[in-house]
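Read the structure below first, then the notes.
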Amino acid sequence: MSVYGLQRLYIGGAYVDATSGKTFDTFDPATGELLAQVQQASAADVDRAVASAQQGQREWAALTAMQRSRILRRAVDLLRERNDELAAIETRDTGKPIGETLAVDIVTGADVIEYYAGLATAIEGLQVPLRAESFVYTRREPLGVCAGIGAWNYPIQIACWKTAPALAAGNAMVFKPSEVTPLTALKLAEIYTEAGVPAGVFNVVQGDGSVGALLTGHPDIAKVSFTGGVETGKKVMSLAGASSLKEVTMELGGKSPLIVFDDADLDRAADIAVIANFFSSGQVCTNGTRVFVQRSIKDAFTAKVLERVKRIRVGKPTDADTNFGPLVSAAQLDKVLGFIASGKAEGAKLLAGGTRLTDGHFADGQYVAPTVFGDCRDDMKIVREEIFGPVMSILDFESEDEVIARANDTHYGLAAGVVTENLSRAHRTIHRLEAGICWINTWGESPAEMPVGGYKQSGVGRENGITTLEHYTRIKSVQVELGRYNPVF
């Protein structure tokens, strides 16, 4: 028996059975307990979801922007009312501590929907005068049916981030959550339906990458929004272009630099470094895993980091006191342990952690100790490649120019941060760093108002902020002639 039983697809405002006859299992990463059997969508199911979305989108787009805004605000209220219930499911599915999911995942997802509900009525065109008797006006119109493909680290938050601007602009969305954490997207679908979103406007199809490929290549989908790894992102972009030249926005991986200058408040810098590496057990795309510390303060900074690592409370995610849980899956655990072994083999100095935790109840879960390496070099695998786990690499530097060059020496460009009391140096450095999301004397917050996305191979386009509405609308230009028409022939 599983905890949540059989999970079906959500199409046309209701749960429906998949036609594939296939299911997959999802497990609690803290205990290994079977959470649910989940039905896998077939190609026919994807077609059914897209057709339902087309029908629902026409009804949704015909509403006024104010009507759509009111419905989305009702969804926000329902999300907040069900916060504790949804957080409990998210904790079981992802392994995140309950204190984290209660305070962050649903809360921030609801905030983004509320933000775009407020902007729905502000989507407008321009009027461009040409001459006394002629002008042009533009309309921002919805794209139609969009596809959202989510990652496993923030399941419901990502679903909210993708649906909020899409629905606010009058689109429909077919969403595929990660097969590793598939549960809460279905709850969001229930909430949208209860709030009054027309049937078909938000459909959920479950499955592995083959289902994502069906969505990406579907000729009746106008846009794909993807969150995940770089290599998968490249496949998404290629298939989207080859199928129908559909628009793509992607938030991909990172190997982000955190730069600590010698005038930094060391307590603040250590606090930032620890949260930038160990929040959500290090499974955050924007993690600042390359910690560059000016040489004169490296020892003092490292000591403060290690003090804080000792205070991390690793435990059962369902315990209120826990602030560090397991990794999301056995596969992710093996990957992280492989990186740790690589760091040791390449000569990095292990300062903390570096092992799987197996004592007591830890033996049933995918736990790895918070890990800190010192004496790291830029050419090490743990410094070059995204780990997506709780592994911090500390590197030292001498000069501002040196650290900027080294920080930019990567094909990633998602995030970056600077800790310094010198405001001029902070801005000067940030302006030279090749990253789309940057923080000065803080780390990690991504409010609804803030556009987020990467440079280089860390992504295309943005999520959140006003600019994201541009990715979910298309411009129609209309010329109006009020005067006499002058024929050419």
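Each residue, glycine too, has its Cβ placed from N, Cα and C.
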Next on the checklist: Record says Thr26, Asp93 bind K(+) 1. Source is Swiss-Prot. Which of Val145, Val174, Val180 does it list for that same site?
Outcome noted: Val180
Checklist entry - Taking Cys285, Cys438 as the options, which does Swiss-Prot list with Gly150, Ala151, Trp152, Lys176, Pro177, Ser178, Glu179, Gly229, Val230, Glu231, Thr232, Gly253, Glu386 at the NAD(+) site? => result Cys285
Checklist entry - What Cα-Cα separation, expressed in whole Å, is found between Cys285 (active site, nucleophile) and Glu251 (active site, proton acceptor)? => result 9
Checklist outcome for this item: Given the recorded positions Asp93, Val180, Glu251, Lys456, Gly459, the candidate whose Cβ has the fewest other Cβ atoms within 10 Å is Lys456
Checklist entry - Helix, strand or coil: which one is Thr26 (K(+) 1 binding site) in, per DSSP? => result strand
Checklist outcome for this item: Taking only the CA atoms, the spacing between Gly459 (K(+) 2 binding site) and Glu251 (active site, proton acceptor), expressed in whole angstrom, is 5
Next on the checklist: Quick check: of the recorded positions listed here (Leu245, Glu251, Lys456), which one has the Cα closest to that of Thr26 (K(+) 1 binding site)?
Outcome noted: Glu251
Checklist entry - Quick one, of the recorded positions Leu245, Cys285, which Cβ has the fewest other Cβ within 10 Å? => result Leu245
Checklist outcome for this item: Rounded Cα distance, in Å, between Lys456 (K(+) 2 binding site) and Glu251 (active site, proton acceptor) is 11
